[in-house]
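Enquirer: Checked TrEMBL, it gives:
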ACT_SITE  Lys38  active site, proton acceptor
ACT_SITE  Tyr264  active site, proton acceptor
BINDING   Arg136, Met313  substrate binding site
DOMAIN    243-367  domain 'Alanine racemase C-terminal'
MOD_RES   Lys38  N6-(pyridoxal phosphate)lysine
Amino acid sequence: MPKAEESVLEIDLNALAHNFKTIKSQLSPGVKFMSVIKAYAYGNDSVAMAKKLEELDTDYFAVAYTEEGIKLREAGVSKPILILHPQPVNYPEIIENCLEPNLYSARTLQLFIDIAEKQKQKNYPVHLKFNTGMNRLGFTETNYHHIPEKIGKTESVKVVSAFSHLAASEDWKEREFTLSQIYKFKDLAGKLIDDIRYEPLLHLCNTSAIFNYPSATFSMVRSGLGLYGFANDPNLDEKLKPVGTLKTVISQIQNLKEGDTVGYSRAFKAEKITKTATIPIGHADGIKRIYGHGKAGVFVNGEYAPIVGNVCMDIIMIDVTHIDCQEGDEVIIFGGPQHVTKLAGAGGTISYELITGISQRVKRVIIQ
Ligand SMILES: *Cc1c(COP(=O)(O)O)cnc(C)c1O
């Protein structure tokens, strides 16, 4: 890999392929794979990821918002794309771009049917979401009856899948709750099949559930985090390869005497002779202020260098007193010696938030 000469997020497509195949190998033959590439493929690059995943023969894509789906279509992505969280205002664009909406309530189902009918659509593919305990989106047992009532009266839409989402698939302490969600889903899916008299795809598992509840994969799974190399569990993380490595470079070295201070609010005060390095990355790039004051660090020439003082918008200072290094040397923020989960933990957050938070101004470099 080339040495970083500025802040870059390196994206390793071979790692993505490894993760896709590893997760796929957990599934029974015939179970379909939906690749979740919302939020720029968790901060990576949704178009590059989608192209590679199409090559690997993923069956489906999912993104959160309509705009994300349109961007993929404009880049030539042709596999079906589920929009997980659309709003009715988006429906015309969804149809225009051959995207497939998640309809999660009587209101959204009716509004989509109205538009599809007005456009004289036949069997337009839609997905129905059940709320089995997450209490975020979806039809419950109580309002399920709207589905057969509305779907039975129209030929404009076809239910291509029904799904639900688990609230705690990574947490063994919540096993009983997760099992109750699985039973509820089975029950609602059974009702749906009886009512519409055909069998749509059924999917419930996210990455952690694929590993922790292998008998609940139904006919499709939805994996996001695992594709990018993490699975909320150190043992599972070992099977996967992190796709992204966030690197930067030393801009300048400062030699401090006792009593010198560093950065805004003079937040770091040297108690002895100290050598710091200044690096071109900051909270506007997604490395939040919480990581300052030694809470977290980065790696320089294989050695750990804690962050000193406050994280600035575009700059961070690190303590390299004990590291043999010079201006122009590479710095690793995460990837390689620094696991994303560990860095996220140091800031009191989770891998999902850290990687999706790397802002778009950080250059993405795709490694084939
Ligand atoms: C984001 C998301 C996923 C992917 O979950 P991972 O834990 O990243 O695999 C699956 N389903 C829904 C509904 C989501 O919002």
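Keep in mind that glycine also has a Cβ here, set from the backbone N, Cα and C atoms.
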Enquirer: Sorted by position, what residues of the same chain at least six away from Lys38 (active site, proton acceptor) have a C-beta under 8 A from it?
Expert: Ser46, Ala62, Val63, Ala64, Tyr65, Glu68, Leu84, Gly224
Enquirer: If we count other C-beta atoms within 10 Å, could you say which of the recorded positions Tyr264, Met313 has the fewest?
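Expert: Each of the recorded positions Tyr264, Met313 was scored by Cβ atoms within 10 Å; lowest is Met313.
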Enquirer: Tell me the Cβ contacts of Arg136 (substrate binding site) under 8 Å, same chain only and six or more apart in sequence, or just say none.
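Expert: Within the chain, Arg136 (substrate binding site) has Cβ neighbours under 8 Å at His165.
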Enquirer: Round to the nearest Å and give the CA-to-CA distance linking Tyr264 (active site, proton acceptor) with Met313 (substrate binding site).
Expert: 11
Enquirer: What does DSSP call Tyr264 (active site, proton acceptor) in the simple three-state scheme?
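Expert: Reduced to three states, the DSSP call for Tyr264 (active site, proton acceptor) is helix.
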Enquirer: Please spell out the DSSP helix, strand and coil residue counts for the domain 'Alanine racemase C-terminal' (243-367).
Expert: 22 helix, 47 strand, 56 coil
Enquirer: For Lys38 (active site, proton acceptor), just give me the three-state DSSP call.
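Expert: DSSP assigns Lys38 (active site, proton acceptor) to helix.
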